[in-house]
Amino acid sequence: MSMFCYQCQEASQGIGCTVRGVCGKTDDVANLQDLLIFTLKGISFLNLKAREAGVNKEKTDRFLFEGLFSTITNVNFDRNFFINKIKEAVALREEIKEDLKKAGIEVDESCEAINWVYDTDEDIEAIAAEVGVLSTKDEDIRSLRELITYGVKGMAAYAYHAYQLGYKDDNIFRFMEKALAKVLDDSLTADDYVALALEAGKYGVDTMALLDKANTSTYGHPEITKVNIGVRNNPGILISGHDLKDLEQLLEQTAGTGVDVYTHGEMLPAHYYPAFKKYPHFVGNYGNAWWQQDKEFELFNGPILMTTNCLVPPKDSYKDRVYTTGVVGFEGVKYIPEGPDGKKDFSEIIEHAKRCKPPVEIERGEIIGGFAHNQVLELADKIVEAVKTGAIKRFFVMAGCDGRMKSRTYYTEFAKALPKDTVILTAGCAKYRYNKLNLGDINGIPRVLDAGQCNDSYSLAVIAMKLKEVFGLNDINKLPISYNIAWYEQKAVIVLLALLYLGVKNIHLGPTLPAFLSPNVTKVLVDKFGIGGITNVEDDMKMFMGE
């Protein structure tokens with residue numbers, strides 16, 4: 001069997017993974033993910049009609065965003081999960097067809113995504129090998145379809161987190177279905193798909209705004225916070241991923257047990273929320289970005305809870321300490337399900353922690369963050385004054401993702417080389433390349449302002465729009481803000497599309513441009529939006545500073 005996947009920044013040789021994913025997923029899992037996406041496109045096609053007829057069901061929305069989320073890079077590697085999810089998808093698809101039939105709605109059965117069938121698991125795997133990315137022959141149409149699909153995957157992840165906290169928007173679900181249905185439509189042109197990609201950007205903004213509302217309404221607005229990066233002498237649980245509801249339940253259930261809780265990776269920003277500060281056993285952040293987990297999980301000694309991406313295939317030395325939940329999966333790793341009441345029982349992982357040694361200290365000190373839009377706007381007068389007096393000459397948005405590539409040391413060197421009158425605005429795990437450098441401050445304003453998780457790139461957009469208003473500008477691109485963004489997976493794609501929708505131009509992406517962008521599509525993005533790559537720190541610095 002073979003595969004073809006180029007959805008992440010680490011696509012093999014900058015082209016695509018064909019034997020095994022650089023991420024670690026096997027060819028059969030990659031193909032099954034393709035078939036799940038194909039079937040979700042069919043469900044989307046049908047559910048649009050169900051919405052029009054008023055016979056759509058909320059469970060379809062949830063199935064859609066959970067299914068999409070499970071195919072994001074470093075979320076789920078479990079073959080059996082995808083076999084079962086595909087079977088559920090086919091059953092749901094047939095249920096929607098039946099509902100449409102009862103409502104007197106005719107369905108065009110010529111679309112393969114809504115009519116393929118199977119008898120055995122072998123049938124599923126055979127079909128999976130036929131419906132992947134390369135089944136679209138035209139390179140440019142394929143490129144645009146994948147750009148949209150990956151953007152919708154990112155949107156689905158953010159919609160999932162908002163939904164976990166009780167927030168949803170049917171307009172977002174409707175767009176996701178519309179976009180997935182349209183990538184099946186062979187009558188659409190490249191121009192149609194460019195327009196659809198920008199529309200995805202609009203709904204990306206809406207989804208990030210919804211998640212921001214969900215998080216801040218539930219846990220309060222992030223505030224300036226110093227986070228401990230050392231350890232205590234108690235056993236601990238390390239929680240990674242992005243799911244704040246999982247963290248809340250874990251903190252509640254570990255209270256008074258003698259077990260400490262540490263964040264890892266993208267969970268770091270949880271410390272910025274007021275609601276989590278009441279837990280004395282919520283100790284700090286352990287380690288760095290996701291790709292270093294193979295060493296850090298080993299040293300942590302206690303169990304690790306993966307709530308979302310990024311999971312790296314675990315080494316045998318700590319595999320028995322890894323627990324997954326939500327849509328995360330890996331064969332042979334313990335899974336903690338959600339109960340019928342929406343709650344999770346973390347007693348097993350807590351008891352496991354009690355049997356473990358305390359974490360090995362790998363660093364000590366503090367890092368500062370919590371500069372989401374509400375906090376930054378409280379500092380607006382100070383920031384505006386610093387800009388007007390020339391104390392701050394330029395802001396650099398360096399949000400995004402971190403990754404394994406050695407060339408990503410560029411971002412550390414770039415941050416070090418920035419003039420002392422510049423400020424970095426960041427969100428996502430890209431921050432780990434420079435958030436421990438001690439770059440100082442400008443009139444009390446730290447030179448690295450961390451807004452939070454990757455979805456908190458929304459905060460950076462809100463800050464930019466507010467600065468545009470304060471300075472009386474009619475174009476966001478006239479602000480002294482440059483965009484030097486590191487990307488890795490599909491959530492970064494929806495953030496990019498959101499920025500393009502908001503009119504931001506001259507965004508530089510690295511360490512490489514996406515493999516899924518064909519030369520012609522890349523040219524459109526360069527010509528229309530000024531998208532660029534990166535070269536080296538010295539030349540890029542001159543370019544950004546207008547020298």
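Every residue, even glycine, has its Cβ placed from backbone N, Cα and C.
Per Swiss-Prot, the features are:
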BINDING   Cys5, Cys8, Cys17, Cys23  [4Fe-4S] cluster binding site
BINDING   His242, Glu266, Cys310, Cys401, Cys429, Cys454, Glu489, Lys491  hybrid [4Fe-2O-2S] cluster binding site
MOD_RES   Cys401  cysteine persulfide
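Each of the binding-site residues His242, Lys491 was scored by how many other Cβ atoms lie within 10 Å of its Cβ, and the smallest score goes to His242. Within the same chain, the residues at least 6 positions away from Cys5 ([4Fe-4S] cluster binding site) whose Cβ sits under 8 Å from its Cβ are Ala11, Gly16, Cys17, Gly21, Lys25, Ala30, Gln33, Gly132, Val133, listed in sequence order. When Cβ neighbours within 10 Å are tallied across all protein chains shown, the highest count among the binding-site residues Glu266, Glu489 belongs to Glu266. Within 10 Å of the C-beta of Cys310 (hybrid [4Fe-2O-2S] cluster binding site) there are 26 other C-beta atoms, taking all protein chains into account.
Within 8 Å of the centroid of the Cβ atoms of Cys5, Cys8, Cys17, Cys23, where the record puts [4Fe-4S] cluster, the same chain has further Cβ atoms from Tyr6, Gln7, Glu10, Ala11, Ser12, Gly16, Gly21, Val22, Lys25, Ala30, Thr73. The DSSP secondary structure for Cys17 ([4Fe-4S] cluster binding site) is strand.
Taking Cα separation as the measure, Cys23 ([4Fe-4S] cluster binding site) is nearest to Cys310 of the binding-site residues His242, Glu266, Cys310, Cys401, Cys454. Under the DSSP three-state reduction, Cys23 ([4Fe-4S] cluster binding site) is assigned to coil, being neither helix nor strand.
Put simply, Cys8 ([4Fe-4S] cluster binding site) is 12 Å from Cys310 (hybrid [4Fe-2O-2S] cluster binding site) when counted between their Cα atoms. Under the DSSP three-state reduction, Cys310 (hybrid [4Fe-2O-2S] cluster binding site) is assigned to coil, being neither helix nor strand. For the pair Glu489 (hybrid [4Fe-2O-2S] cluster binding site) and Cys8 ([4Fe-4S] cluster binding site), the C-alpha distance works out to 5 angstrom.
Other than His242, Glu266, Cys310, Cys401, Cys429, Cys454, Glu489, Lys491, the residues of this chain whose Cβ falls within 8 Å of the Cβ centroid of the hybrid [4Fe-2O-2S] cluster site are, in sequence order, Gly265, Trp290, Asn309, Gly428, Gln453, Tyr488, Ala492.
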